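Below is one structure, written out as structure tokens; comments come after it.
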Amino acid sequence: MTRKNYTSLTEFVLLGLADTLELQIILFLFFLVIYTLTVLGNLGMILLIRIDSQLHTPMYFFLANLSFVDVCNSTTITPKMLADLLSEKKTISFAGCFLQMYFFISLATTECILFGLMAYDRYAAICRPLLYSLIMSRTVYLKMAAGAFAAGLLNFMVNTSHVSSLSFCDSNVIHHFFCDSPPLFKLSCSDTILKESISSILAGVNIVGTLLVILSSYSYVLFSIFSMHSGEGRHRAFSTCASHLTAIILFYATCIYTYLRPSSSYSLNQDKVASVFYTVVIPMLNPLIYSLRSKEVKKALANVISRKRTSSFL
């Protein structure tokens, strides 16, 4: 068998999600609607947080950053997937494949850290209310957000050094709808044990590390909520955290299933389904989850609509 290294390989073939033309058209329309809602919903959330002064808090600052990451992440994956669903030649250049993977890894890392920061913010707000303005001052939360993006860039650089050195044999067919490290490791004819271990460690540090921050923060939050004497106070505090917990469960469940299970149990078809959730569906659901569960967001949206109606009559 002739061996090709990454310098001689010019393109990959993405098998995608469907084999038949009818199913491809249905999926194209379905994902086009989801992508449109994702972009409009998240950009709308960013704009709403920007124009409403009541949402100028650390919690909603992190949410605006999360919405930005969701738009970027979805745009990294979905447009290419939509194009492939309507194309017979589902190819992606070698450089394009690795750029897609690196941007995805960087943005996913940032998203995990933002979830952790949002959990810490809820801990500070509910468990340390008197010190909240000091703990989460503007300088502090700006540095936290900058650190989240810097960590994503660092993970990007570390993955560049070991994944791009993979060698490939005759086959260039990726059994996935986008370029991700697990299917590339499967495709490579290099000895990938060390590289897979490094990738798993990096994913584990990011996912498990931020999850520990989330679990410890919410352990204190729930203890404080149940210690409140006022039923109204408990309901308000729990309602504030419910949307964040819902988004966390959806995101981390699919990420853990995809990246932290043993490689021996790796299933291409099951991984595709899980990947659809955290790359396409969850970015659309996040603004819906936060807007439906948050009284502040609903109030801000009502104020914007009210002002627009008033101005239209003038």
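Quick reminder: no glycine exception, Cβ is built from N, Cα and C everywhere.
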Are A18 and S306 on one side of the membrane according to Swiss-Prot?
no
Grouping DSSP H, G, I as helix and E, B as strand, the residues of the topological domain 'Cytoplasmic' (121-139) number 16 helix, 0 strand, 3 coil
Residues in the topological domain 'Extracellular' (76-99) per DSSP class, helix first, strand next, coil last, are 16 helix, 3 strand, 5 coil
Excluding its own, the Cβ atoms lying within 10 Å of the Cβ of C97 (disulfide bond) add up to 22
Sequence-distant contacts of the topological domain 'Extracellular' (76-99), meaning Cβ under 8 Å and at least 6 residues beyond its ends, amount to 6, 9-18, 24-25, 27-28, 31-32, 34-35, 38, 107, 160, 163-164, 174, 177-179, 184, 279-280
Per the Cβ filter (under 8 Å) with a sequence gap of at least 6 from its ends, the transmembrane segment (26-46) is approached by 17-18, 63-64, 67-68, 70-71, 74-75, 78-79, 81-82, 85-86, 280-281, 283-284, 286-288, 290-291, 297
Counted with DSSP (H/G/I as helix, E/B as strand, rest coil), the topological domain 'Cytoplasmic' (218-237) has 17 helix, 0 strand, 3 coil
For the transmembrane segment (272-292), the candidate among 55-75, 100-120, 140-160, 197-217 having the most Cβ pairs under 8 Å is 55-75
